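According to TrEMBL, the protein carries these features:
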type     : residues  : note
TRANSMEM : B:7-32    : transmembrane segment
TRANSMEM : B:66-92   : transmembrane segment
DOMAIN   : B:66-278  : domain 'ABC transmembrane type-1'
TRANSMEM : B:104-130 : transmembrane segment
TRANSMEM : B:150-176 : transmembrane segment
TRANSMEM : B:197-219 : transmembrane segment
TRANSMEM : B:260-278 : transmembrane segment
Amino acid sequence: MAPLTIQQATKSFGEVQVLHGIDISIDDGEFVVLVGPSGCGKSTLLRLIAGLEDISTGSILIDGRDISRSHPKDRDIAMVFQSYALYPHMTVAENMGFSLRMRGATMDEQHRKVHEAAGILDLEPLLDRYPRQLSGGQRQRVAMGRAIVRDPKVFLFDEPLSNLDAKLRVQMRAEIRSLHKSLETTIVYVTHDQIEAMTMADKIVVMRGGYVEQIGSPMAVYDAPANVFVAGFIGSPAMNLLKGRIGSDRQSFDLDAGGVLQFDSVLNARPHQPVILGVRPEYVKISDGGSAAVVKLIEPTGADLHVMLDIAGTKLTAVYHERLTLEEGQEVRLAIPTDHVHLFDPENETRIVGN
Amino acid sequence: MVRWQHGLWLFFLPSFGLLAVVLLWPLGYAVYLSFFDYYLGSGERTFVGLANYIDLLTEARLWNSMWTTIIIAFGSVALEFLVGFALALALYRLNGSAKVFSVLLFLPHIVTPVVAALFLKWMLASNWGFIDATLLTFNIEPADWLGSPVWAKVSVILADAWVFTPLVMMVLYAALQGLDTSLLEAAQIDGASSWNTLRHVIIPALIPAIIFVISIRLMDVFRFFDLIYVLTGGGPGTATETITMYTYQLGFRMLEVGKASALGVITLIVVAILLLTINRGLNKAYRGGDR
């Protein structure tokens, strides 16, 4: 258990700079998820924290101690790898006890700690098995067990659920979450799956192209994305992002592709100002009055209804929890609550706050 | 489970036929001949039962050549394995331009063993050979590399290692390429030193490749002939006379074909037992957990 601070961290591989001045401060016991598309530098950042890559400039502090140049084993961290990285010729117990053994712990201590961790993760019956005899989910748990045995200050997870099937992933998500609750250890967790990020994190760090785009609680990031990238990346189905201009009465929005969206109160921007207007699919409501649209495609997912709408050539996705009786080709009227509209500057794609 | 269709065995016939002609038939014939007193000079064959085997097993020359073979085989395979593994690990750590380097290391293996042996013979020739000439300029009295019983064995071992270390290196290097690097990283985080990583992670992961390379090298070195034939001809005396050299002497010098066949069969059995033992031992070490 310890706070983790990353200050102005950069990383270059030869000429290519993959991380640009990363600043993140993580509180003691916080569950932080680094999320972003592949190639955004999230895994590299995790490997910098682990010490598997050398930091180029900047520093990383665990519990106030600068560990940016320490050997991985001296950083008091434990890591769960995407491929689990279990030693194939060792039993589950040997795998879990390996770090203790390398540190010269007595057999008694190894035995006690391995059984302790195995108890937490229900691994007791598997201790004498080899990794090849385990299912994917069990291997995943062993990999976590190996990390727990270390009793580290910080846990690092590198896309640990990406090799599991969808059902198991949901189950392990909850398990990791409850494990964090009981251990109260600082966790840095890397994923490209924004659902994982939303459901598990205390704090999300959204990354792109080696830069941090936004840091905040899942709901804060969801409700107030800092820029167009975050707006489009977090949330599924993705936020509708429409290019156009604010109307002269500030209660309408003229789409660049043609067509108009009507609102019931004023938008938070100047008349005729060019903006990117963002609205989450769940706030595209069907009403008696408002903007005209045509239903193009209906996708029932069981719980929800995903509807693709068309406003004079511009596509708009809507999600309804009610079972609406819609037909493809049907004309509808849309009402979008103004307080759920996000406005972004089309120049630098950042959020427009106030006026 | 793979489900075999009826009639599929027909596809197996051509290759089996070929194997039968080039492998099983000569082998069977050798076993057959080993029960005869068959001197090639007279062309007469008389069935003698196990007499050839009894003769061979009771004479000192066979045991002498057996020991020589074992010393040379284990000496050179051990040397090839240690040096080859070290080179493979070094190569694994290097990258980029190191790939060119690996090709250079492979050169001795590309040369035909007989040519390599001739080359080494000139290197090792007394007084005017490269090694002696170099040592003499430093006023160091060189040993009789090919003429003294002990040095002749050492020279033969080194010669075999020179030719075959690159092969061992390449096989182990290829196996290292297939190693999951996250295992090494996990070991690093777990606090394993380089030595412990090697012992507890790398070597266990390479066991299949190690079994393979040691097996083929041992098999090969028990048939070790060309290098010795050129370098020492089995001498001085019988100091470097391996089983194959002795078989050659029996068959092609003394023309005792029956006895030579019997020796061939004995060699086959010895090698088979040896390989099975080593295989089992390494496999057991691999499967038996890590302590």
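Placed from the backbone N, Cα and C atoms, the Cβ positions cover glycine too.
Those TrEMBL annotations? Automatic predictions, nothing curated.
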Check your understanding: Taking contact to mean three or more C-beta pairs under 8 angstroms, with sequence separation of 6 or more, is the transmembrane segment (B:150-176) in contact with the transmembrane segment (B:66-92)?
Key -> yes
**Study point:** Residue numbers, six or more beyond the limits of the transmembrane segment (B:66-92), whose CB comes under 8 Å of its CB atoms
**Key:** 98, 101-102, 105, 153, 156-158, 160-161, 164-173, 176-177, 198, 202, 210, 213-214, 217-218, 221-222, 224, 238-244, 270
Point to revise | Maximum Cβ pairs under 8 Å to the transmembrane segment (B:7-32) - stretch from the list B:104-130, B:197-219, B:260-278 | key: B:260-278
